[in-house]
Amino acid sequence: MLNLFKYSSNEKNKNTIKKINIARNKLKNYSNILLKEQTIKIKNEINDCNKINQNVVINAFAVVKEAIFRATGLTLFDVQILGGLTLNDGNIAEMKTGEGKTLVALLPAYLHSLTNQGVHIITVNDYLAERDATLAKQIFSYLNIHVGLITQKINNKERKKEYQKDITYITNSEVGFDYLKDNMAIHKNDILQKNFHYAIIDEVDSILIDEARTPLIISGNAKIEKNFYQNAKKIANTLKTILDYKIDEKSKNIILTVSGITKCEKILKIENLYNVRSPWIKYIINALKAKEFFIKNRDYIIKNNEITIVDEFTGRIMIGRRWSEGLHQAVEAKENVKIEAENKVLASITYQNLFLLYKKLSGMTGTAKTEEEEFINIYKMNVINIPTNKKCLRKDLPDLVYKNEYIKWQAIANECLDMYKIGRPTLIGTTSIKQSELLSEMLTELKITHNLLNAKPENVAQESDIILKAGRKKTITIATNMAGRGTDIILGGNPTKIAEQEIKEYIENKCKNANKERYLDNNEIALIIEKIKYFENIDESTSNNIKNLDDFILLYKKIKEKYKGECQKEREQILELGGLYIIGTERHESRRIDNQMRGRSGRQGDKGTSRFFLSLQDNLFRIFGGNNIEKIINQLKIDDNTPIESILLTKSLNSAQKKVEAYFYDIRKQLFEYDEVIHSQRKAIYNERKKILSYSFNRDCIIEYGEQTIEEMLTMYYKNQRKEFILEKIIKLLNIKIKLFKLYDMNDSELKAFLKEQFRVSYELKEMYLEQLRPGLIRQLEKYYLLQQIDKAWQEHIDKMNLLKEYIGWRSYGQQDPLVEYKNEAFNLFINMITYIRQTVIYLIMRSRLIVDI
Ligand code: ADP
């Protein structure tokens, strides 16, 4: 095993960076061919000493730095190399937006790819995976490293190929689903992934914190109980809050009062709502949750008559995702849309445990420090803050707190008007679609031209366009949290992108005029643009088969040059106005999300400002503020229109926010702890499955299952009163033809030896019989029965474990620790499952016969 993971030394970093730069300078004179050869050279170096030593790191990083320069003309900053070294140590590099993380990841990715075990770069969405892979392909073409890309639309055949590449760009959900599917594969060739070696997670907080609250689930449709949902909804509508049920906003829970319970029992004509055999409680609680907690256009939207979830952190719609355990159906019932079938979980895993499958992990993001404890505890990754290349000049102004919400929004609208008048670009972040629309209406009334970006489908399509403009003069942008992650806002505009847009329009027009019959479709135009960009930096003629490509390249260069000048001028004007202004309209559930918002301004040493406008009616104050905040306000005695800018208040607010963070951390920790129990079982089952799948000869496994079954049943036999019954069961199971009484006189060891012997003999006879009829069939049968029974039992086991978790939840008012109880019972369930698998496999295989059609 290569000693890849030990190399770590923070103190040496400065020195190492110096050495990397020296090594890189030497490479400057190398021809492209010679540069390419460095890959083989470093590979040999690694093989020779069987580890990655400091020299290898230095050489590999230097080579990447040179390749980046040749492909893009950019020279890596020292802080970027420091970021690369941090990733290489298996840590999280906290680097601000716009610091160039995409390039940073290439350094350790290249190094780890040299051991031929595969590297995954994980992104939050397909767009980023595609964008970053395209760039990486250009750069690594100089180093003979193959870059793969897996997005939703890539089919299995291609996927397998992409997984074989040196470095593969992929989203977190694709890698997770492929893992689960691989472990449901029936044929060895259907397995797509290699072993999990090294992963670099981009936007690591978003993946390992925000998304880690809901597990990944592969499900199959099961029964549908429409009436239950409809009836539960009707009941929920008759129940009254406080009197019949209490709402716990903190834990998003509903608790029925005695009055509520009695009412439900009366309507349903049942005696005990909490009887385990009565299904109703789950439906009623879900219906109440749907009524109280799930708000249209905040938590979900209705699109094509379907409930589509809106991610509370990013504001994006999450197509295809459903709330689990009947909650989604309860919301469907509430909105009177079609109730989709309840899903049966076939396989599931949490992101925590998925990423812990990698031998080495590292991550990058702009915001992780506030969640450092969690990263250390669960993933053993430290969060290292990397200084910005240029000093950050953004001013984060103190919060302004208004007494009431309406006045807060008016103040925000007025602030926008002031900015609009002076032409300063402003980005306002809202936490819901509803709020973004409300503000948009207010701005329209004030005649402020603005762009609106939220999860509504008609707006999403323009996302990149809106972000492209967000840094331009006189541009006011309202956005739910989604905007800006992964795409940075450039002051004065991005000349490359604007030039791209113009050349695209030019080509479209040219096609139209040249030949009215033949339009190029969007994909074809995108391909031409990619080629233009690719050949732009290569001086020789393209000798490409695209007509006019050389002319297009020339024109593109000209347009870009023109905009470079214009954008630069505009940028200077904006900087004079103070740079991009970020307005936050509500503190989020985590300081990290607030920091993300602020981080959109002040990139690469630009000036900028951020300010949060809050009101005492905001969720954070209302739910988590406690008495402290109310006291402070009453002491201050101010009128409604004057905002409060108090350090004491900010402190209370911060502590409220920390409370929320801790609360959500607990939820994730709990999910993780519970999933850990099933995770070790899952690993055991998946390993057994993989072994069976990869062997063409599973006879030994059958014999082992048979013998273990005999031993287990004999243990029962000696403990049990109804001995005869057990013996009969053994004989039946093994399909042995023998008179029972013959066994009675045997002692323990004789009986065990006899049964084992009998089992072997009958199995050999079975083998011979089948082998004669169809050679090779028995081996296929063995594999088939083993896999079939493991999968069936495992799926039933998942169901039981889910139920167990739910019931442990109901039961846990006593003194016992529910997790300990869960672990104990889960262990028993697991043992039962294993016994069941062995017995059914033996039962089935001992009865297999070939029916031959004549
Ligand atoms: P992040 O992911 O950290 O927000 P990106 O990787 O998207 O940043 O890069 C932001 C911008 O900075 C890109 O336009 C990229 O080309 C540019 N960039 C990255 N590294 C450098 C560099 N060393 N010199 C100049 N520009 C750079």
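Glycine too: its Cβ is placed from the backbone N, Cα and C atoms.
Quick look at what TrEMBL annotates:
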type: BINDING; residues: Gln80, Gly98, Glu99, Gly100, Lys101, Thr102, Asp488; note: ATP binding site
type: DOMAIN; residues: 1-645; note: domain 'SecA family profile'
type: DOMAIN; residues: 82-242; note: domain 'Helicase ATP-binding'
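Distribution of TrEMBL features across the structure.
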{"residue": "Gln80", "record": "ATP binding site", "DSSP (3 states)": "helix"}
{"residue": "Gly98", "record": "ATP binding site", "DSSP (3 states)": "coil"}
{"residue": "Asp488", "record": "ATP binding site", "DSSP (3 states)": "coil"}
Listed binding-site residues (Gln80, Thr102), ranked by Cβ neighbours within 10 Å, top entry: Gln80
Binding-site residues compared (Glu99, Asp488) - the one with the fewest other Cβ atoms within 10 Å: Asp488
Cβ-centroid neighbours of ATP site Gln80, Gly98, Glu99, Gly100, Lys101, Thr102, Asp488, 8 Å, sequence order: Met95, Thr97, Leu103, Val104
Local Cβ density at Gly98 (ATP binding site) - other Cβ atoms counted within 10 Å: 19
Spatial neighbours of Lys101 (ATP binding site) that are distant in sequence (at least 6 apart) but have CB under 8 A: Gly83, Ala93, Met95, Asp202, Met364
Model confidence over the domain 'Helicase ATP-binding' (82-242) (mean pLDDT, whole number): 91
Most distant Cα pair in Å, residues Gln80, Gly98, Glu99, Gly100, Lys101, Thr102, Asp488 binding ATP: 17
Neighbouring C-beta atoms (10 Å sphere around the C-beta of Gly100 (ATP binding site)): 18
